[in-house]
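K.L.:
Take this structure first; my questions come after.
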Amino acid sequence: MGAPTLAVFKLASCDGCQLTLLDCEDELLGLAGQMEITHFLEASSAVRPGPYDLTLVEGSVTTPADAERIREIRAASRHLVTIGACATAGGIQALRNFADVEEFTRTVYARPDYIDTLATSTPVSAHVDVDFELRGCPVDRRQLLEVITAYLAGRRPDIPDNSVCFECKRRGTVCVTVAHGTPCLGPVTHAGCGAICPAYGRGCYGCFGPSGSVNLPALIPVLHRDGMDDRDTERFLHTFNTAAFEEESRR
Amino acid sequence: MTHRGSRVLHVGSLSRVEGEGALHLSVHDGTVTRAQLRIYEPPRFFEAFLRGRSYAEPPDITARVCGICPVAYQLSACAAIENACGITVDPALRVLRRLLYCGEWIESQTLHIYLLHAPDFLGCDSAIELARTARGHVERGLRLKQAGNAILELLGGRAIHPVNVRIGGFHRVPTVAELRPLAGQLERALDDAWQTVEWVSGFEFPDAEVDADLFALAEPETYAIETGTPAVLRADSDTPNLFPLHTFLDRVREEHLPHSTALHATLDGRRHLTGSLARFAISGRWLSRTAVRAARAAGLGDPRAGVFSRNPYRSILVRAVEVVYAVDEALRIIRAYERPRRPYTEVPATAGTGHGATEAPRGLLYHRYVLDAEGTVTDARLVPPTAQNQGAIEDDLRRTAQRAITQSDIEDEELTRLCERAIRNHDPCISCSTHFLDLTVDRT
């Protein structure tokens, strides 16, 4: 039996999550020795048809063609992992889910009649079964390696779903909300980045989406106390994981 | 299959570019009548999302246009918003922005050289395949790229979508002690960058020339990266003409064509090219001494004497020289670094319109914002380099394909490979504007 095959696909996205794989400078060649990369357009012109053992998908479903394409990708994949906020929660593109997309099209494109788009940006899991979802805008390199290594070892990835607050404590960062009254989504945001924003003196802006156990209503008064009005709060929650936080706020 | 008067050729997706797209070639009686770079971007509506947002938000939001050049988006957004508010940022902070941008240049240009472009010259499908026979070269490329990422991670928090950029400067500025250790890594990177120049200068470069106008920022006395004035070098002239940034949208016009969701741009109604070749032509005379030596070693002649290249295949040489420059410049900034007193200059909200442009690794990136008195964005325009280059890329494709068809009985597979190369020479960042690219050639 040959090495397991790896495929990387993208839908509507910025390429950042698949770039994370190429940013694994120390591990890339080792990984290429353990897996056979059979479809990764950004990295290689050699493309082979599926089935693929492990498929990573970046990006959200925003066009009728991509809704079809993701079904084909699923059918060709033994194990499908979505990487990043777009693929797991619709990403920043999901802002259109709460807006008039026709008006958006008229604003951005001179000839809206040339544009074929869906009124929504949805995660891959809204269309097909997904074996594992890795959060982040972008995903974290260490977590991505953990997902791939876990696959190779035949185990579940060890990706805790606690909040960014845990990572701040571990990093020894003083709480920006407690110490400086800085609005921060850390208490409700999924860990994974290593709590970068508070370490750089700003509040977490939620790019990893909601954590496993979220009490969003409890955070809103704290944001108000720290100077955010309703509109600021709404924008704060509605950016890179807009659909996921929207779902949480309805719970 | 060999040359015929009429045939249709269809290939899947273009590889080793940022993003995905297609190419359509029509050939009638041995003449290429149409060469289209098709950008099937699922529309991403960033300009619409930005409306109603606070003026503090575009740096974080527009970073998400492109994971390959987020700093370019962040710093063009900052420049435009600061311009709208009438603020000039503290020079010590501007230097740190340049350092951050050097990190992106090193990372992104090295990615292009080693992982996307070099395999074309060496007959490989990927750098991973190349590593089987020339592992040392690929390892050097990855190490060099890592040095760029190290700057981004230290100064920006992370390499993709850095979190530390804000209008007016940074959320937090590093201490001298935090920044200094980067110098050791960059000294090694300077060796790697030099060896990159030597390596790529040994490649074979087919003869070719782009006849588009060259377009880049100019900042006299320095190689323009994070700031500058738009400068055009016409195909029939030796002297660049500068024009004020606020007239950008009067000069660079975008048109929406049915075959592409990326907008097509022209400059004064003419085809133009941004990116490494254009920058080297316009700013080459202000390269550092080390980078000038690298340019000579690369066979590009003396940029201080106004020598430059219009051969798109040689763009990989210019990129390699730009990496030497960016490493050298980053070292210079780190060695002279003193921590600024404040991490950012205050930018109070003001009603107004602001323009900002910087040199993304693959070309000039322009932003314009209209703000109301509360600092809410009421209108936004982003003009990425690839949309500007699309016309020049298509022209280059047409000529490449025509030459190949005229000179030989070229087979479909070889013609496809040639066309893909012609596109990769221009390092298109399709994700900035696009997505699905597949090659179709109809011959009738």
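Glycine is no exception: its Cβ is also placed from the backbone N, Cα and C atoms.
According to TrEMBL, the record shows the following:
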type: BINDING; residues: B:Glu47, B:Leu382, B:His435; note: Mg(2+) binding site
type: BINDING; residues: B:Cys66, B:Cys69, B:Cys429; note: Ni(2+) binding site
type: BINDING; residues: B:Cys69, B:Cys432; note: Fe cation binding site
K.L.:
I'm trying to understand the geometry here, so how far is the Cα atom of B:Cys69 (Ni(2+) binding site) from the Cα atom of B:Cys432 (Fe cation binding site), in Å to the nearest whole number?
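P.N.:
The separation of the Cα atoms works out to 9 Å.
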K.L.:
Rounded to an integer, what is the Cα-Cα distance in Å between B:Cys429 (Ni(2+) binding site) and B:Glu47 (Mg(2+) binding site)?
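P.N.:
That separation, Cα to Cα, works out to 18 Å.
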K.L.:
Is B:Leu382 (Mg(2+) binding site) helix, strand or coil when read with DSSP?
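P.N.:
SS state of B:Leu382 (Mg(2+) binding site) = strand.
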K.L.:
Using DSSP with the three-state reduction, classify B:Glu47 (Mg(2+) binding site) as helix, strand or coil.
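P.N.:
Where B:Glu47 (Mg(2+) binding site) sits, the three-state DSSP reduction gives helix.
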K.L.:
Using DSSP and three states only, what is B:Cys432 (Fe cation binding site)?
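P.N.:
Looking at the DSSP assignment, B:Cys432 (Fe cation binding site) belongs to a helix.
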K.L.:
So which binding-site residues are near B:Cys66 (Ni(2+) binding site), with CA atoms within 10 Å, out of B:Glu47, B:Leu382, B:Cys432?
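P.N.:
Neighbours among binding-site residues, in sequence order: B:Cys432.
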K.L.:
Tell me the Cα distance separating B:Leu382 (Mg(2+) binding site) from B:Cys432 (Fe cation binding site), rounded to the nearest angstrom.
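P.N.:
Between the alpha carbons of B:Cys432 (Fe cation binding site) and B:Leu382 (Mg(2+) binding site) there are 10 Å.
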K.L.:
With a 10 Å radius around each C-beta, find which of these binding-site residues (B:Cys69, B:Leu382, B:Cys429, B:Cys432) has the fewest other C-beta atoms nearby.
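P.N.:
Comparing Cβ neighbour counts within 10 Å for the binding-site residues B:Cys69, B:Leu382, B:Cys429, B:Cys432 gives B:Leu382.
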K.L.:
Taking the binding-site residues one at a time (B:Glu47, B:Cys66), which has its Cβ surrounded by the most other Cβ atoms within 10 Å?
P.N.:
B:Cys66
K.L.:
Would you kindly determine which binding-site residues in the set B:Glu47, B:Cys66, B:Cys69, B:Leu382 have their Cβ under 8 angstroms from any Cβ of chain A, listing them in sequence order or replying 'none'?
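P.N.:
Correct list, in sequence order: B:Glu47, B:Cys66.
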K.L.:
Please report the three-state DSSP label of B:Cys69 (Ni(2+) binding site).
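P.N.:
For B:Cys69 (Ni(2+) binding site) - judged by DSSP and reduced to three states - the answer is coil.
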